[in-house]
Each structure stands twice: as C-alpha cells, then as structure tokens.
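TrEMBL annotations:
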- B:12-29: transmembrane segment (TRANSMEM)
- B:17-409: domain 'Cation/H+ exchanger transmembrane' (DOMAIN)
- B:35-56: transmembrane segment (TRANSMEM)
- B:68-85: transmembrane segment (TRANSMEM)
- B:97-120: transmembrane segment (TRANSMEM)
- B:132-154: transmembrane segment (TRANSMEM)
- B:166-185: transmembrane segment (TRANSMEM)
- B:206-227: transmembrane segment (TRANSMEM)
- B:247-268: transmembrane segment (TRANSMEM)
- B:289-307: transmembrane segment (TRANSMEM)
- B:319-347: transmembrane segment (TRANSMEM)
- B:359-380: transmembrane segment (TRANSMEM)
- B:386-409: transmembrane segment (TRANSMEM)
- B:529-585: domain 'Sodium/hydrogen exchanger regulatory region' (DOMAIN)
C-alpha cells in the first residue's frame, strides 16, 4: 500500500465526492431543502464530520486554509456570479449598489468597531486590553456581507430581481472596501505611531484597489474575447479560455493587492457577450454547465469546511463580547440601510419600499470570507476571542437569518421574481424606451445612464465588435439570438415529442411529414426486425414505426406489378393504421 | 507585488495558457498540421522554451516531475481514450491486443535488454560496467509503446478501425506488463541475490496487477453508474461523478500498486453505457466536451514538457549504446509483430495483412511514459546514459516515424477509416448476425465470443440495468437512441436552416408551417421595429420576418371592419409576398 504517493489528489477527490454525495442526499428528500437552506445542512454535515475527526484524533480538526479558500474555492463562485449576473438591473442600480457597498460597509466597520470598543471599556467584562484599533480591525472583517452565503440563500427564495441584485451586488463589490480597510487596520496595528498621511493614503487606496480591479478584469476579459476569435478550427479548447483568463485576472489582481473579486466580475461581464458570439453552441453549453458545476462544488466545500473548522479548541469564550457583536452587526446594518435608502429614494422614481429595506438589512449574511480573514490575523493574545465571535456571527446569520428569511418573505409578501422570461414584445418595447430616453437625455443635456449606455453601445458596435468578433459583418441582436434559441428549443421539443409520444398536442405536426428525410433512413422491413430483436426492443421500435413510418410507406409504396404508382387503396390503409395503432396501444 | 502568494496557481495557469495558445497558433496555418504532426510541433515549442530558460538561467530547466505526469497529466488522456474507445472492434480483437500487449512487450523487453547487454560486452565501446539487470531494466522502460504518442499520431492519419484499435489497445494494456517488469527489475537491481521464488512471484504479479486493475475499475465504474441514478433533481453536478469516480479508480489502483491505466479504462468502459442513459443530454455534452478538452490540454502539456526537459545537462552521450538502442527497438518490434501475427493469423478468418503488420510495427511510438520512468530510476552512475538513450528514442520515434507514417500509409494504400457512420440498416444486420452466430455457437457447443457476448447481454438486461438505470422499465436499444439522435439533429438543422436561409433544399418544410407556435411570439408590428432599431439589426429581423412570418399573418389576420374572417384576397397576398421577397433579396 502506497498511500503517501497519492495522498494529495486522493484526499481532494474524496472531499469533493463527500460534498457531491451530501448534495444528492439532501435532494432525495424533497421536503428538507424546502425548509432548511442547503447551506445550513452543509454546515451541519461539516459539524458532524468535525466532531468525528475531533473524537477520533482527540485534537482539533484542520481548519480551512485561507490560501485554499482565496485561491481555489472562491474564484469559481465569483466567476459564476459575474458571468450570470443580470447586467441590466445591475447597471440600472449600480449607484445604489456602490453606495451600499462602499459607504454602507465603512459605516458598518466604524459603527461595529467603535461600539465594541465602548463595550470593552466596561470593567465587569474584563476586556480592557482590546484596543480601539483591534476592535476596528475586527469590525472590518465582520462588517462585510458575504457573497457565497447571500447567493446560497437568495437563490432559493426567489425575490424580485432588483432586490436580489442590490444585496448580491453589494456583497460582491464590498470586497474592495473590505480588502483596503482590513489591510489598513492590520498594518496600523503593527505600527507604533500612525501619521495622518497614512490615513490619506488609505483613502486613496480605495480607488486604486477598486478601479484597478476593474481595469485588470476588463483587460483580461477583452483579451479572452479576442483569443476566441481564432478558435474556429479547434473548438474543443474554447471553453478553456473562459476559465483561464478569468482565473488569471483574479490572480493578477491579487498579486498587485487589488480586489480579485472585482477583477473577476469585470472580466466575466466584459467577455461574456463577445465570447458567446464567437464560440460554438456546444462550447457554450460546456462553459455554462461547468461553471455552474464548479461553483456549486466550491460552495458545498466551503460550507462543509466551515462546519469542520468550527469544531476544536480555537475559541475563547466571552459572553458579553460575543453577544454584543451579534447585536451590533444587526443594529448597524439596519441603521445603515435605513439612512442610505432614505438618500437613495430621494433621487429615484422607483423607490425601495420599506419591505425591501427590511429584507436588504436582514439578508446581510456573513460567511466564509470573514472566517478566512480572521484566521489570517497576526497572532495576538485575543485572536481566539475574535475567532469565536466570528464563528458565532456566521452561524447566527446563516442558521437563524437564513432559515427565517423565507417565511418572512412570504409573510411580508415581498414582490417575487417573475415566473416567465420577458416576451419578445416586451424586450422590443424596453429597447424602444431605451432609445427614446437616450434621445430625451441628449436633448435635455442631462447625461444620465441612458445617454452613457447609448454612447457605450455605439462605441461597442463601431469598434469593439469589429476587433473582438469573428464574423463582424454579422452582429446579431439579442432579439435575433432569442428567436434562434426559441426555434432550436422548439425543434428539439418537436423531435422528442415525436419519439416519446407524450405530446398529444403535436399530432398534426407529427403527421404533417416534416420528419420524412429521417424516416427514409429507418424505412427497413418489419419482418427482419421481428426475427432478430428481443421483445422489449421490438416493442419500442414498433411504437415508433406505428407513429411515424406509415406515411412514408404510403408516399413510397413498394413496387407491385398489379398496381400503378399512386393507386393507393384508402380502405386497406385505414385498416392497416388501425391494426398498428391497436398493437401499439 | 506579492508573487509568492499566487505563484503555484499562476504558473500552472500560464503553462496551460501557453499550451492552448500554441495549439491555436498551429491551426492558424492550415498547411502546417497536415504535414507535421502536432506532437512534433509541440515538442519543438518545448525545445525552444527549454532553450530560452537554459539561456537565461544558465542551468538546466526543470524536468517534468514524474509525480505530476502520473497523477495529473496522464489520467485525463487515458480516461478520454477509455470513454471513447470503440467497444465493438476492441472486444472483437481483445485476444490479439492482449497477445501484442503481454507477449509482445515481454519479447521486446528481453530482446532489447539482452542484445544491448551483448553490445556492452564489446570492449571498444567502454560499457562493460552496465550489467545485464540494468540492461533489462532499461529494456522494460523503453519497450512499451506509449498511448499518448500513439493517439496523437494515429488520430491524424485515420487508418481503419481494426488497425487503430490494435495499436492503441496494445499501447494501453501493456501498462500492466510494464509496471510489473519495471518494478521487478528495479527491485532485482537493489537485491544482492535473486531467488527463483522471486521470479515466480513476478510472473504471478502480472495477473494480479492486470486483473486487479480491471476489478478496481469496474467496481468504481458501476458505483458511478449507480450514483447517477439519484441525480435527477440536481443535474448540475452529474458530470462531476464521471470524473471523480474514474480518477478515484486510477488513484486507488496506483495506491495498491495495480495498473492505474487498466483501471481507469475498465471504469470508463464499464460506466459509459449506464451513465449516458441516466444523465441529461446537456450533462452528457459537458462530459464529452470537457473530457476532450482536458485530454487535449494534458496531451499538449506533456509534449511541451517533453521538449523542455530534453534541454539541459542530464545526458551522458555514448554513440554506440544510443544508436544500437534505436536500432534494436525497431528490429525487435518488427520481429515481434511478425512472429505474433503469424500465430494470430492461423486462428482468424480476418487475417492481418502484411501492410497492416508494417504499420503496427512502425506505429510503435515511445513517449512520455518512458521518459517519466527513466527519471524515476534509482541513482546509479549510468543513469544519465539511459536518460540520453530514452530521449533519443522518443525524439526519433515521434519525429521520424511520426512524420513519415502518413506518407507511408498513403503509399501503401492502407485501408482507411470509413467516412460515414454505419447506416441503421447495417446496424440491424450486424445485430442480426450477432444473434445468429450466438445461436450457431450455442448449438455447436463452441463457447466463442458471440456466446459470451450473448450471455453478458442477458445478464446486463436481467440484473445490471435494473440496478443501475433510473428508468429501468424503459431500456432503450441503441437503434432507438440513434433514431432519437438523428431526429434531434435533423430538427436543429431545420431550425437553423430556417433562420440562416442557407438551405434551399428545405423551403417546402419551412413554408409548411411547423414553426407556427414560435412565430406567434414574434408576431410584432413591423412599424415599431423600424423606428427603434439600428439598420443592421433591422435588416436581420426583416429577413426572418420575410421568410417565416408571412404565413402567420395570413392564418391570423388583423381584425378589419370591412372583411370577414377567412375572407383573404389571394392577389393581395401574392403581391405582398413578392414585395417582401424583393426587399429581402
């Protein structure tokens, strides 16, 4: 037995297998996932696994390595999120999202940090050794809403698109703020004196980290699009480029201390449109499917590891500090959302209702990012307290908030996601209104979103498409693409209905003979079939023949010396059909 | 800049990117890959890269790590090979393949090893310190035909299926023999005395390693099939199981010192049929596409690394030893094929022609497996000589044989692969003959391949299918599946022809109205379109409207106070059609 040799890939494969099997297990009982979110179940599985490991080895199970989390588990989820981000609601609400992500997060960091410092001053709690800077550092890691946790819960409750994009967009874009504040406070903690210059540098870094991430992402995204121009002869590696370039954008951004999450989202959103036009349909299916698969596995692994890492002796328990952390997280988020939304609503016609505000505040779940960041803290004597507080906040938000948010959404009757995709008519009207509003904005001299969108669209069709698309003479509009997709889908449905016979609504189509060219191929004599095939197969084929082949035999009858071509006897035919139908029923 | 942190994933991604871009580069000039096989081009790129690294650092570039090769690069290629192995010709020729793989490889090992030992006895060559055991060890690693190299060359020259499966099957199945002989001689080299018991144990190991691999593979394959029974509600992780279980089978086999290649092939061939029936069509596309993509990338990386690793100071040059190695490799393989085929032909009706024999002997390419094995040798003073000889043999076979095999195949007029897939009629006849022959074998008491195939098929439909398939009440025969596939393909073709307008052969179908239900959705007024869309989009849509929408408007005419429903004026219609046609042309 040579376990050493295969240990690394073997254990990785086994963990992924465990995660996938757990996912299958939950779905075997349909009732379970409809009550408890999957993320809770997975953490629960993780807790059990951790307990088993702890019990067997009598030492703490290994905690999730921050490097593994940030380098391997997080990128697939963010890539998936960016690639499938509904771009229209995202860009329509980009102002609000940025306000929540930047100002809201700063508000939360300082609010939580300062009020926890206040708690630390109470002598009875014996926490006076935790300085203001340490509290702010803790605030910076606990304040940020986690995209993985938010996605896991919000994908299941199906709130309306705007609400979804507000919470989810915030959770993605606050990464830039979190990175800056976390690193800033961590370096402040290690410095002896802090100059006012350092603070100004910190503020400047916001813009560098965020905009730098966008720049890196867009560069890689457009390069990816340009690369897929040349893959026509070698379709099989097309999907690879989508993954390689997005991952490179993430790594490059991380390398330069920029926001990797922002970079990968910019990359995915930038390349999507061009890549989809360049690659083949099958490559596109593979990209979409594999992205979903990968992010789903990453997601599962993160929650399981979160559960496993909770077990152990990493925690220092201090009731007041931990309880007040949970309370402050809730209060400051609620206050932040209320205040920011008040300003947002003053400038918008489509206001955010108070129900929506409640869900935004309540949906501020914390997750694996906080967890990884707290383990990355430099060693100091209260680190274990911070770990314990972070763990409790994560478990509280994921379990209590995650499990109650669905009933609350039902109770408040929050506007849900619309069931059906927009019709072609609606799409055309939306487009019409866009052009109209761009015209109005242009005339009135107001440079709003429609004006910029129009300019961007012009720039895109004038320059970008010509460089990035292979068939730049044939740029297809989204309506034409939708039409193609619908037609293809319908054709497949027809084909399948023709075989499976489950579609009584299509019989006229089936008999109208559009399957002729196929049937000629299968027009083989029935006799030989009956001799050679086993009964099950025979029945199957007979069913098909009965349904589809009759007409062919009539259009091309066997040569017979006594009949002229076209001289068909309708009575005999009717009889034959009847017999065949009878047999097949 | 924090390069340390992201180094590992960054460099891996860059290597994969280089490999993919190299592949695109070759295909930009269509002439190049048709003359030089891709494997040669890739080794060439690797040589250049290695030269650059050597020139910049002034030390040998890193050689391909054997662990990385065997654990990460080889499995995807073998999985792909096993999954897409044409099972009928493979099992029809399994006896011949095993003879070549087992007896042929042993023949080559001892032939090459002993005759090289003879060369070492010549005093003038100054090689007397290389013992017989070391020569046999070298023979055991240089004798085996390499599946990666064979696949890379044979996929491009399209010889007939039987010839392909003979060479390729041999290259896959000889892994068991190579593993045993290599490990045996390596341990003999380290032992002081060799008992005759050790030799018998060695012989016994053949069966353990080979059959054990098959057993491990089948176990994992059937488990995979069983798992996919339960993925109906969670389609997105279906493709994962195919990859996870095959990889686990490989790792488990390697862990127990069995043949990993044999295991993964058994796993892939065992699961394929059931998994395909259980998983959705899109999952299946993803599995196929990703497998091809992954193996293609692995393949590319292997050849590039092979080139990179060639450069450096690992070589000890000894003209006679290296030249005689190349010569003996060619001679012993040719002799082996001749002798073995002589026996094979005596027992078969479909004999292997002398042309085929030549191609089998000539197609015995060596590749990355030898290369990795020679680096895994324990350190002894002539290791560098063995490395040099292996490198020369690999480069000789890949470059000289790989580049000349295509002209030779043309020159000898070797029977090529048939262009088209077998028709349904042919398939049914083949099946008919199978049953007939099984019956004849049963009556005559001869337990040949048809008898066993029939028994296996019975066992499969009686027990296996019921356990492993989800819809065990509906086992579809391959003919029904083919029919479904053809129909689906045809439907998509129709849909695409309808949009793209490149199919003048289908006009009657397009006008026969089977697209009605789609068109209702797009039945929007033309006027609004013209106002809002840019000219290119407009033209595109108008073309579609002109082709497809007219009939709809006729079947559902706008309400008009002056006409009754159904009171259509044919003249006006004809005019309108004419105008639309004219516009769109």
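Every residue gets a Cβ built from N, Cα and C, even glycine.
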Next on the checklist: Before we move on, state whether the transmembrane segment (B:97-120) and the transmembrane segment (B:132-154) share at least 3 Cβ pairs under 8 Å, counting only pairs 6 or more apart in sequence.
Outcome noted: yes
Checklist entry - With pairs 6 or more apart in sequence, are the transmembrane segment (B:12-29) and the transmembrane segment (B:289-307) linked by at least 3 Cβ pairs under 8 Å? => result yes
Checklist outcome for this item: Counting only residues at least 6 beyond its ends, the same-chain positions whose CB falls under 8 A of a CB in the transmembrane segment (B:247-268) are 70-71, 74-75, 78-79, 81-83, 85, 147, 172-173, 175-176, 179, 183, 208-210, 212-221, 224
Checklist entry - Does the transmembrane segment (B:68-85) make contact with the transmembrane segment (B:166-185) through 3 or more Cβ pairs under 8 Å, each pair 6 or more apart in sequence? => result yes
Next on the checklist: Pairs of Cβ atoms less than 8 Å apart decide it: which stretch in B:166-185, B:206-227, B:289-307, B:319-347, B:359-380 has the most with the transmembrane segment (B:35-56)?
Outcome noted: B:289-307
Checklist entry - Counting only pairs at least 6 apart in sequence, do the transmembrane segment (B:289-307) and the transmembrane segment (B:166-185) share 3+ Cβ pairs under 8 Å? => result no
Next on the checklist: Averaging the per-residue pLDDT over the domain 'Sodium/hydrogen exchanger regulatory region' (B:529-585), what integer do you get?
Outcome noted: 50
